[in-house]
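> Okay, these came from TrEMBL:
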type     : residues                  : note
ACT_SITE : B:Thr14                   : active site, O-isoaspartyl threonine intermediate
BINDING  : B:Ser56, B:Thr85, B:Asp86 : substrate binding site
DOMAIN   : B:6-153                   : domain 'L-asparaginase N-terminal'
Number of protein chains: 4
Amino acid sequence: MTSEPILILTTGGTIDKQYFDALSEYQVGESTVGMLLRIGRVAHPFRIEEVLRKDSLELTDDDRALIAARAAAAPESRIVITHGTDTMTDTAGALAAIPGKTMVLTGALAPARFTESDAAFNLGLAFAAAQTCAPGVYIAMSGQVFDGLRVKKDREAGRFVQIE
Amino acid sequence: MTSEPILILTTGGTIDKQYFDALSEYQVGESTVGMLLRIGRVAHPFRIEEVLRKDSLELTDDDRALIAARAAAAPESRIVITHGTDTMTDTAGALAAIPGKTMVLTGALAPARFTESDAAFNLGLAFAAAQTCAPGVYIAMSGQVFDGLRVKKDREAGRFVQIE
Amino acid sequence: MTSEPILILTTGGTIDKQYFDALSEYQVGESTVGMLLRIGRVAHPFRIEEVLRKDSLELTDDDRALIAARAAAAPESRIVITHGTDTMTDTAGALAAIPGKTMVLTGALAPARFTESDAAFNLGLAFAAAQTCAPGVYIAMSGQVFDGLRVKKDREAGRFVQIE
Amino acid sequence: MTSEPILILTTGGTIDKQYFDALSEYQVGESTVGMLLRIGRVAHPFRIEEVLRKDSLELTDDDRALIAARAAAAPESRIVITHGTDTMTDTAGALAAIPGKTMVLTGALAPARFTESDAAFNLGLAFAAAQTCAPGVYIAMSGQVFDGLRVKKDREAGRFVQIE
């Protein structure tokens with residue numbers, strides 16, 4: 001088993017949504033990843049790097065290029081990327097050409113600050129996949145580690161499903 | 001990536017500790033695994049089977065033989081076992097002889113019913129390891145997937161560490 | 001001390017905000033009051049009646065007239081009203097003419113479904129005020145029971161303050 | 001309505017129970033009151049004073065005398081006392097002779113660190129009673145503000161009930 005350090009790149013998405021009373025609205029806030037790893041009592045070495053704070057529907061091609069550039073340039077070869085779920089598969093495509101790195105996208109359908117959020121479970125799922133999978137792009141959602149290039153979000157059903 | 005169903009065997013431990021007011025004490029209660037998988041929005045096929053409801057310090061050799069028998073007899077070849085942390089490595093030893101199955105032990109240092117518990121993260125970690133690892137015994141704790149036969153709990157530090 | 005039953009009228013507001021992944025947005029959902037009273041282990045007799053499911057900024061004069069009519073017509077003389085915080089004082093004004101009833105408005109600055117929400121504390125505050133105060137209109141927020149006609153929300157500071 | 005400051009005396013009990021992994025047991029830990037008031041976004045002036053950290057079944061007559069002495073000596077005339085539930089009524093008796101102060105005992109049937117705890121609701125209930133009630137001793141539990149000298153715990157039912 002590997003004990004190589006894991007890099008977590010945060011880009012925003014529902015997982016980091018906060019409620020701002022002064023605006024009466026929810027927006028992507030500071031990343032919850034540090035809090036989740038502390039509560040998860042993670043002793044495995046890791047490093048967190050904020051790339052963006054966006055809803056995934058607002059991500060541009062330039063944003064995806066930036067995420068890919070950060071992943072490619074990082075000294076770590078095992079990377080978890082927290083991301084909004086709606087365009088997670090597009091970003092998976094943008095990462096596919098990076099060689100020699102295990103990259104796992106994850107996020108949440110309910111904000112991490114909710115009592116009942118899938119954020120902690122999903123981050124655990126992604127953390128293990130980053131340690132155990134061969135180089136490539138993966139999506140860890142809905143309790144499953146998917147090939148990142150053969151999966152889609154079924155928005156109606158609120159889950160990710162494999163594409164045959 | 002596999003979409004084979006996962007069996008979760010529950011045996012008790014801190015993860016399932018409840019507070020019973022009528023007794024003014026904590027005891028292992030009904031398993032929290034179903035709740036955690038629901039909150040984690042797990043769509044991957046799984047089945048939960050309760051084996052025991054014990055603190056791991058109370059587990060006997062017969063108990064470990066029972067857990068191993070259940071794992072060996074199950075139709076599933078990918079198994080997560082929730083377990084108290086104090087003797088988790090002993091049970092890993094008792095499972096080592098079972099061939100052709102990926103078995104991942106996990107648990108928690110704080111009860112799943114706590115606001116700040118490592119239970120959800122750890123179960124996610126174990127769930128991914130069960131899908132991605134080769135047959136063998138693993139321990140998923142402290143943010144790391146360990147070889148189940150080369151790890152120990154450092155009780156003072158509150159974490160699992162690899163044995164060289 | 002009174003053991004008269006308490007009526008809870010729910011009208012919406014931040015306290016009941018949910019996140020709907022399919023829409024990528026937050027909206028007022030089903031009331032959280034029943035859940036909060038269950039978690040609060042409330043044995044005191046109560047009845048919950050849904051009046052509206054609105055952000056308080058969207059409430060019209062007709063809406064306030066409806067809330068007042070429901071409060072006036074109810075058999076209970078002790079009433080808690082969950083409400084958005086931005087126009088809570090306007091509704092207090094609309095209730096002021098109802099004689100012989102103790103009416104307490106409360107709500108939350110963070111949705112009740114958040115791990116860190118003021119909803120449970122505020123509802124407890126309102127529940128006691130409804131039992132202990134003389135007939136009149138009150139606002140229970142920011143840890144204080146205010147005269148409902150002499151209080152305003154300081155939106156910047158995220159708290160309610162008394163008006164001299 | 002009063003804006004006089006509230007003193008919170010903490011004495012231990014289930015509300016403050018923590019789980020200590022190194023001991024595999026629950027014990028009364030540091031008080032959770034400060035956390036609960038922060039989450040409750042309390043802007044009303046208050047002061048917290050730790051008196052004891054005990055299960056209420058372990059409280060001696062000397063302990064009750066100490067709690068009463070602290071309440072009597074405090075500059076505040078509005079006091080909330082967090083306390084274990086099993087002997088809460090005994091302490092209410094020990095406070096009865098203190099003149100001119102509104103004293104409200106509260107606690108929880110489930111530890112405040114649990115996701116589903118009555119602690120926040122109960123503390124809100126007690127906080128309002130301390131502001132709105134005449135001098136005397138009260139118990140705020142089970143969603144009700146009781147006369148502290150005419151109430152008992154029904155341990156089987158998990159609730160407080162009035163004594164006729």
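Glycine too: its Cβ is placed from the backbone N, Cα and C atoms.
Just tell me what is around each of these and how deep it sits.
Taking Cβ-Cβ distances under 8 Å and a sequence gap of 6 or more within the same chain, the neighbours of B:Thr14 (active site, O-isoaspartyl threonine intermediate) are B:Gly84, B:Thr85, B:Gly107, B:Ala108, B:Leu109, B:Ala110, B:Pro111.
Taking a C-beta cut-off of under 8 angstroms and a sequence separation of 6 or more, B:Asp86 (substrate binding site) has the following same-chain neighbours: B:Asp55, B:Ser56, B:Leu57, B:Lys153, B:Arg155.
The helix, strand and coil residue counts that DSSP assigns across the domain 'L-asparaginase N-terminal' (B:6-153) are 51 helix, 48 strand, 49 coil.
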> Summarise the model's confidence over the domain 'L-asparaginase N-terminal' (B:6-153) as a mean pLDDT value.
96
> Across all protein chains in the structure, which of the binding-site residues B:Ser56, B:Thr85 has the highest Cβ count within 10 Å?
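It comes out as B:Thr85.
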> Cβ under 8 Å from chain D: which of the recorded positions B:Thr14, B:Ser56, B:Asp86 qualify?
B:Thr14, B:Asp86
